[in-house]
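Here is what Swiss-Prot records for this protein:
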- 21, 150, 151, 190, 191, 192, 193, 201, 231, 232, 233: dUMP binding site (BINDING)
- 51, 193, 287: (6R)-5,10-methylene-5,6,7,8-tetrahydrofolate binding site (BINDING)
- 170: active site, nucleophile (ACT_SITE)
């Protein structure tokens, strides 16, 4: 994961100071690319401990086409909580619930969750129902039928419904590329929180590549991560500085249940991460 640490150093050394939408302030660079060879290990960050359980659950949530946080919080995944809670606080339904009380009610009250837990037509909706099109199914089908196509694309960016999303897609589009029996994937990400988001995204889309490879009978090769605005929030600089002083550990190994070849059939127990060693947890506040 030296590529990630190089990104961190480049932003600290060359990043421009910017005032962002959240008013937190960032150091930012524009147009950056990292490459990860999955044959050399699974690119899960080792310079801080990653919550891989959350990565799996969120990816399954996307694949299912779900956009409501109820599934996530029922599985103790809390990375999306702030956005529906913020909307709830600004609504006429607000009853002075704390964030934790709000989440507890999402878990136990299905009707409440249906009203207040939805994030709008974000990733899962766009992947599985982009103006009526199941892009994920079409992508896998096209890889099987026409592997050398230059149109092996999936996008989460639909300008007609951006205003209906609580957070417009940051990781916008993927493109797959097949060479012989190997498949690679490039992600274009318009905006990347380098401390909290980018490590998560690297692992998530690398895992998606492994899944798609298994569903198409190919071998996962390279994940290429292209970022538009790559930024470190001012309140994350100390954590980043700690990480770049650490020597990365050997990458873990990721395996799937070999009997699953239908992307709709994967469950949490079909994923197996082996030999993951990391430094300790580094916490940071998400900018909403």
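Placed from the backbone N, Cα and C atoms, the Cβ positions cover glycine too.
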### Message
Within 10 Å of its Cβ, which one of these binding-site residues (21, 151, 231) has the largest number of other Cβ atoms?
### Response
231
### Query
Which residues does residue 233 (dUMP binding site) neighbour through Cβ under 8 Å, counting only same-chain ones at least six apart?
20, 22, 24, 25, 26, 193, 195, 284, 287
### Query
What is the biggest Cα to Cα gap, in Å, among 21, 150, 151, 190, 191, 192, 193, 201, 231, 232, 233, the residues listed as binding dUMP?
36
### Task
Would you kindly give the Cα-Cα distance separating residue 51 ((6R)-5,10-methylene-5,6,7,8-tetrahydrofolate binding site) and residue 170 (active site, nucleophile), rounded to the nearest Å?
20
## Note on the structure
Record-listed (6R)-5,10-methylene-5,6,7,8-tetrahydrofolate binders 51, 193, 287 have a maximum CA to CA distance, in Å, of 19
## Note on the structure
Quick note, residue 231 (dUMP binding site) and residue 51 ((6R)-5,10-methylene-5,6,7,8-tetrahydrofolate binding site): C-alpha atoms separated, nearest Å, by 21
### Query
Residues with Cβ closer than 8 Å to the Cβ of residue 191 (dUMP binding site), same chain and 6+ apart in sequence?
170, 227, 228, 229, 231
### residue 287 ((6R)-5,10-methylene-5,6,7,8-tetrahydrofolate binding site): tally of other CB atoms within 10 A of its CB
20
